[in-house]
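All remarks here apply to the structure that follows.
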Amino acid sequence: MSQQVGNSIRRKLVIVGDGACGKTCLLIVFSKGQFPEVYVPTVFENYVADVEVDGRRVELALWDTAGQEDYDRLRPLSYPDSNVVLICFSIDLPDSLENVQEKWIAEVLHFCQGVPIILVGCKVDLRNDPQTIEQLRQEGQQPVTSQEGQSVADQIGATGYYECSAKTGYGVREVFEAATRASLMGKSKTNGKAKKNTTEKKKKKCVLL
């Protein structure tokens, strides 16, 4: 879907990850500027957003997907012609980060070989939330740390690792600006291979802009 129309460049972004990890909220907040208060499982909704990076205007087609296993056979229909893939997990659900390695990276590499991947930690506002911390403690877990997220990003060969909160708006624009830049870079030959840690620790991201 690498097209250029007039002064605008078209790119396709696909977002994947476990159900209820924050994918749809992230897209809605970015494209519509509002946070949905009611959770409704996704069944492939598409959005279009205009993004300007480095003086270039990009028409970014945002393809949402459902993370539930019931949709494992339908989800691959969203992958063709993708220019960048966001793999999301939720900071308050350590299992969702584990599934990035157990499920999502294999699926993405199979259907989108060479396409840039960005790992996104959603719901970062819950990392220091007392109720979330206590609930996870009772289950013998704790919120995912930035270091754990970055480590997985390195292991799966992601172009970058970002954290955000759709609820507060923190980091949302940075995620999509990084994704847009990655989509303009073209296909990568390093997906799936470990990379050196290029994290800018203060900014919690590792895309070289």
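Yeah, the Cβs are placed from backbone N, Cα and C, and that goes for glycine too.
The Cβ of Gly17 (GTP binding site) has 26 neighbouring Cβ atoms from other residues within 10 Å, across all protein chains displayed. Annotated GTP binding site per Swiss-Prot: 17-24, 64-68, 122-125, in sequence order, evidence recorded as similarity to another entry.
Marked as compositional bias 'Basic residues' by Swiss-Prot: 190-209.
Summarising the annotation, Swiss-Prot assigns S-geranylgeranyl cysteine to Cys206 and lists similarity to another entry as the type of evidence.
Here Swiss-Prot flags Ser2 as N-acetylserine, drawing on experimental evidence.
According to Swiss-Prot, the cysteine methyl ester annotation covers Cys206, on the basis of similarity to another entry.
Summarising the annotation, Swiss-Prot assigns region 'Disordered' to 187-209.
What Swiss-Prot records for 39-47 is motif 'Effector region', and it gives similarity to another entry as the kind of evidence.
In three-state terms derived from DSSP, Lys23 (GTP binding site) belongs to a helical segment. Cβ packing within 10 Å was compared across the binding-site residues Thr65, Gln68, and the lowest neighbour count falls to Gln68.
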